[in-house]
Each structure stands twice: as structure tokens, then as C-alpha cells.
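> Shown below is the structure under consideration.
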Amino acid sequence: MNYDDDCLYEDKHMDTDIYDMLADEDTSDVDNTLAVCATARAGIEKAGFSVLETFTPGAEGFTFACIENKTRENVVIKAGQRGGTVTEAHILRNINHPVIIRLMGTFTYNSFTCLVLPRYKTDLYCYLSDRRRIAICDMLSIERSVLRAIQYLHENRIIHRDVKAENIFINHPGDVCLGDFGAACYPVDITQNKYYGWAGTIATNAPELLARDPYGPAVDIWSAGIVLFEMATCHDSLFEKDGLDGDCDSDRQIKLIIRRTGVHPSEFPIDAQATLDEIYRTCQKTSRKPGTRPTWTNLYELPLELEYLICKMLAFDAHKRPSAKALLDFAAFYDIPDPYPNPTN
């Protein structure tokens, strides 16, 4: 199917659900968002799709659950007006891996770039929300898929920069993919850290990215560690702001990570020019000995194989985090079936 023709059609049809999503926004902002969403939807319908559902608007634009009118295939269409959507399309056209979201096609409409993507049953965030706990083998199967995706990206000089539960799509624990490449950075020098700009999500970003220090592929390893922790605790958040932290910003987030980990001054990255070293090393006081279990492990009773993996991935110094390839060789993954069976079969 060719999705590459420009569409020149407009209408004013709109899901009423989006009004509920925007209930807390300023009235003028809501009106503008509704108008822009209606334009995106009109272009999608002109391109030969029927919109089934409008998802909550994101930073890059709008996402719709759709059905292709001729084939009756269920798809997801992302419609964005920012550079991240174009970047995502370019990256997805040039990569191919079983656990990375597949780009089925693209089209443009007015100022929108639209990506046609396969539809999965849910994302990992909602998957965890629907369950009180999941089996360790399921967690490790999902994490293995995420690490395989990250390994492939890093080998192709791409840093995802926004690995999180909301960007991991799942049909079942053996059918998982990493998506949403709007924050991705390429091409990168995987052998040398550099500041590629701010991107991602504060709650899941690595300390060096939060500090605006030079960074590299290890930022994805940190975020994947947060994902594994959330699976192990079934949605608990390790480094979310608490009642004492006020508004969540990078400075507060770094201090929260340092406090909850109990980072010893000797565990800071050895770089006199780095913000983490220059500003935060001197403010940290801890009785924890360097190289011992992080302070947060005292609050959770995690299986040792999961705790060990998470601690390795959440090393405060990026140079101490293993690569995705190295992590996949850890003993925790040895007994996980590959391919992982579909529990409904």
C-alpha cells in the first residue's frame, strides 16, 4: 500500500473523548488543540483510514487507533507537526528488528507528518496497571526484548533517549516491541560521550542527562533499569518526586536519585568538568560504603537475580553500567525460553 500522497481534505469531525482528556487545560488552549486534532483526523480519513479512537495528545502531536478501509487492518497513526516525528520516520525507515516497532508507511497532510504503525494490545504501563504482579519469567522475557532492541540501536549508532513503560508495546510477554522514536538521537559516536541536547522523561532519565553533562548509550541502560524495577515492584516508582520534592525538575531529580541510592562521593563520575562531579559530589553525605547495595534496596524484597540486574543498570556513574549486549549474557536470562511462548496458545 502506498501512503505517500499528500491529502487535501478537511472536516470538523472529532471524538468527544478528547474533551475529557483536556479538561484541566486553559479554554483557549483546548480550543486550539481540538482544532489541530480535527485537522489531523481529517487528513487521516482522507488517506483511507477510519479513526476508532483518539489517544491522549503527546508532546509530538496526536495518536489515533484506526482501521485501514480497504484491508480492514487495525493500525495506529501518529500525526505530528514537530521535527521529532520526521526524525522518527527517518530512523524507522532505516532499521529493522523484530522487537522494534515497524513503520508500515507514511503520508503528509498540511503541516502533519503521519506514521502508520502496527497496533499492539497495550503498552507496558497499562499492562502493569492491570496486574497486581507478574511472573519473574514474564518480566525477564520483556526485559530481554527491550535490551535486544537497545543493543541493535546502539550497534547502529542510535540512542533512544526515552525508554519507558509507556513506549514499550506488548501483545504478551513474548511479543513485545520498543517504539516512540521521537526523542531518538543519531548518528552518535558510541565510543565517546557528548552532549546531544535535552530529551526524554525526567522520572526515567539518567543522572548525566539530567545534569546536561556529556552522555552516550548508557542513558538507555539506566532507563531500561527503571523499566525492570517497575515490573519487579508492579508499578512502584523508584525515582519519582515525593511530598518533599515539590515541582519535579532536573536538579531535584538528581538530588532524589543521590539520596535514595545513597551515592558515595567516590561513586561519582571522575570528570572535573562534569556538573554531576562539580556541583553534586560535595553535597552528598552518606554512611553507605562504596560498592555496596544501594540504599533503596532496603525498602524492597526483590528476587536477587532481579535486584542484581537493576543495580548494575542503575549505576550512578554511566561508565559502570554494562552494555545491553553484556546484560543479555547475565545468568538471569539463561532459563528464559526463546522464543517465549504465548500463554493463550
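Just so you know, glycine gets a Cβ as well, placed from its N, Cα and C.
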> For the ATP site that Swiss-Prot assigns to Phe55, Thr56, Pro57, Gly58, Ala59, Glu60, Gly61, Phe62, Thr63, which of Lys46, Lys70, Lys78 is also named?
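Looking through Lys46, Lys70, Lys78, the residue Swiss-Prot assigns to the ATP site is Lys78.
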> Can you name the binding-site residues among Phe55, Pro57, Ala59, Gly61, Thr63 whose CA is within 10 A of the CA of Asp162 (active site, proton acceptor)?
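Within 10 Å of Asp162 (active site, proton acceptor): none of them.
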> Is it possible to get the count of other C-beta atoms within 10 angstroms of the C-beta of Ala59 (ATP binding site)?
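The answer is 11 other Cβ atoms.
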> Using only the Cα atoms of Phe55, Thr56, Pro57, Gly58, Ala59, Glu60, Gly61, Phe62, Thr63, Lys78, which the record gives as binding ATP, return the largest interatomic distance in Å, rounded to a whole number.
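Answer in Å: the longest Cα-Cα distance is 13.
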> Counting Cβ neighbours within 10 Å across all chains shown, tell me which of the binding-site residues Pro57, Gly61 comes out on top.
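Of the binding-site residues Pro57, Gly61, the highest Cβ count within 10 Å belongs to Gly61.
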